[in-house]
Amino acid sequence: AMWDERIWTLFKRNLLHTLTYWSVFFSFGLCIAFLGPTILDLRCQTQSTLQEITWVFFSQQFCLLIGSSVGGVFKQTLFCALSALFVSSLLISVVFAIIPLCHNVLLLAVAMAVAGLAMGVIDTIANIQLVKLYQKDSAIFLQALHFFIGFGALVSPLIADPFLSDTNCVVGNSTENSTGMMHHLRNALAGTPMHNLSQYQLPTEGEVVTQVSYAFWIMALINLPVPIAVFVLMNRERLVPCCASSSPPLLETDELAMETQGTEGQTLDTKDSDAPGHGDLFSCCHSETLQGAPLSFFGIHILGGMVLFMTDGIVGAYSGFVYTYAVAPPMNLPHKTAGYLASVFWAAITVGRLVSIPLSYRFQPVRLLLLNLAGVIITVLLLLIFFTSSIFLFIGTCLLGLFLSSIFPSMLAYTEDILDYKGCATTVLVTSAGMGEMVLQVLVGSIIHSEGSYSFMLCGMIIGCLAFSLFFVLLFFHRMHKISLSGHPGKTAMVEEPGADCLK
């Protein structure tokens with residue numbers, strides 16, 4: 001059976017908390033995927049240059065990194081954690097509502113920076129809470145958690161697609177000028193040389209009309225049930241200030257999870273809510289756990305983070321620029337057709353994360369990681385070989401999404417299990433993944449613009465091979481970690497990871 005009785009009992013015991021953490025990742029997913037397909041309309045709305053609109057991507061990813069790094073400070077109590085999730089998910093709805101009002105690229109960048117901060121807090125807190133809830137059994141629930149990212153990321157492009165401008169997004173006397181301008185923008189995004197933008201008549205602020213505003217308002221409404229769900233959980237836990245109840249320690253009622261795993265002595269109480277490794281990045285760096293830790297301890301953190309830096313960077317770059325790649329030669333796909341690629345990619349990620357839930361129960365995380373990383377390289381290689389086939393572009397996009405879908409939750413479960421949930425793995429991995437999306441998205445975008453569209457898949461191949469190589473080094477450090485602690489009977493539990501059999 002997919003669920004044994006113990007895990008099913010754990011799930012029922014923590015049902016409301018688990019569903020709430022899953023729902024906030026739906027908010028996270030909504031924010032990830034909408035920029036790619038709406039970039040032409042947003043560029044027209046803000047009357048900005050290509051270079052300026054690129055900084056909107058950067059501002060979101062940079063602030064997501066900051067939010068991921070400092071988000072752990074809210075983990076001290078259940079009240080702090082849920083309050084942070086409530087404010088963050090509510091802010092996402094507010095940002096969606098005000099994006100259509102941002103007629104200046106700086107205002108749009110600030111709005112996306114706020115959304116990025118909220119996303120970072122959600123990313124860190126939701127991962128930390130589920131890992132603390134389920135410990136050794138967290139892999140299944142982390143796969144489900146990240147399924148909701150894919151689901152939210154699938155929904156936002158589908159909502160935006162009917163409202164995207166196909167020929168122009170301005171009202172003016174010269175239809176030819178506005179159409180020519182949009183043609184120029186698409187060519188610019190596709191990596192072809194820029195021409196003098198002054199030859200195209202940019203509209204004045206009052207002339208900008210974009211139907212994509214309705215898409216953002218719809219997404220704002222769709223997201224509203226998420227902060228409401230968090231508020232309901234806070235009310236159920238008597239954490240709403242009007243209830244005059246003190247904040248209980250984080251996961252105070254989760255004795256069952258500890259008892260069923262034979263770790264009664266490690267039950268999370270008020271002091272354990274301050275356990276190192278599940279706070280912000282800066283407190284991790286000063287953690288007492290780091291004192292006297294072997295070299296392999298640090299290597300596992302660094303290498304796990306580097307693998308996710310690469311793989312999450314591929315996710316960010318591919319979802320952001322696959323449209324750019326598709327509309328450029330030799331593909332030359334129509335605007336509407338290319339617009340579906342982002343939806344196909346996120347649909348594959350969503351399905352992949354759903355399928356990974358039962359797979360994570362039957363297979364060790366290390367085996368899933370080997371399969372997925374190898375699949376990424378093979379898929380990108382085939383996309384390079386069949387670079388003129390528009391049909392295989394859709395097939396390859398689907399396969400790539402499937403293989404990338406479960407790498408993050410599998411890596412999180414793998415490294416936390418190696419370290420017996422004592423290190424800083426969650427915080428380091430979340431931060432590294434956010435940094436990878438920020439850096440590689442900007443880097444790949446710059447390479448595409450300067451070297452042409454073919455470099456897009458080449459970049460993916462190089463990044464994928466680096467991730468695969470770093471993972472094998474991580475396996476070596478896992479072996480080193482097991483050996484280094486073999487002489488410390490009190491610490492051997494830290495390396496009792498079933499997937500270690502693959503290293504023999």
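Heads up, the Cβ atoms here are built off N, Cα and C, so glycines get one too.
Caution: TrEMBL annotation is automatic and unverified by curators.
So that you can see what the record holds, here are the features copied from TrEMBL:
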- 21-40: transmembrane segment (TRANSMEM)
- 52-71: transmembrane segment (TRANSMEM)
- 78-99: transmembrane segment (TRANSMEM)
- 105-128: transmembrane segment (TRANSMEM)
- 140-160: transmembrane segment (TRANSMEM)
- 214-234: transmembrane segment (TRANSMEM)
- 297-318: transmembrane segment (TRANSMEM)
- 338-356: transmembrane segment (TRANSMEM)
- 368-387: transmembrane segment (TRANSMEM)
- 393-414: transmembrane segment (TRANSMEM)
- 426-448: transmembrane segment (TRANSMEM)
- 454-477: transmembrane segment (TRANSMEM)
At an 8 Å Cβ cut-off, counting only pairs 6 or more apart in sequence, do the transmembrane segment (368-387) and the transmembrane segment (454-477) clear the bar of 3 or more pairs?
yes
Let me spell it out: take the transmembrane segment (393-414), skip the flanking residues so only those 6+ beyond its ends count, and list any with a Cβ under 8 Å from a Cβ in it.
127, 131, 138-139, 142-143, 145-146, 150, 304, 307-308, 311-312, 314-315, 318, 322, 326, 331, 333, 340-341, 344-353, 355-356, 359-360, 364-366, 368-369, 371-373, 375-376, 379-380, 382-383, 386, 425-426, 429, 433, 497, 499
Below 8 angstroms Cβ to Cβ, which residues of this chain, lying six or more residues outside the transmembrane segment (21-40), approach it?
53, 56-57, 60, 85, 88-89, 92, 95-96, 112, 115-116, 118-119, 122-123, 126, 129-130, 144-157, 160-161, 164-165, 169, 182, 185-186, 189, 212, 215-216, 219, 222-223, 225-226, 229-230, 319-323, 339, 342, 346
Could you give the residue numbers and ranges of same-chain residues that sit at least 6 residues beyond the transmembrane segment (297-318) on either side and whose C-beta is under 8 angstroms from one of its C-beta atoms?
61, 290, 345, 349, 373, 376, 397, 400, 404, 407-408, 411, 414-415, 418-419, 423-425, 428-429, 431-441, 443-445, 456, 459-460, 463-464, 466-467, 470-471, 473-474, 477-478, 480-481
With pairs 6 or more apart in sequence, are the transmembrane segment (105-128) and the transmembrane segment (454-477) linked by at least 3 Cβ pairs under 8 Å?
no
Okay, the transmembrane segment (140-160) and the transmembrane segment (338-356): do they have at least three CB pairs under 8 Å, pairs separated by 6 or more?
yes
What same-chain residues lie close to the transmembrane segment (454-477): Cβ under 8 Å, and 6 or more beyond its ends?
296, 299-300, 303-304, 306-307, 310-311, 313-314, 317-318, 321-322, 324-325, 366, 369-370, 373-374, 376-377, 380-381, 383-384, 387, 440, 443-444, 447-448, 502-503
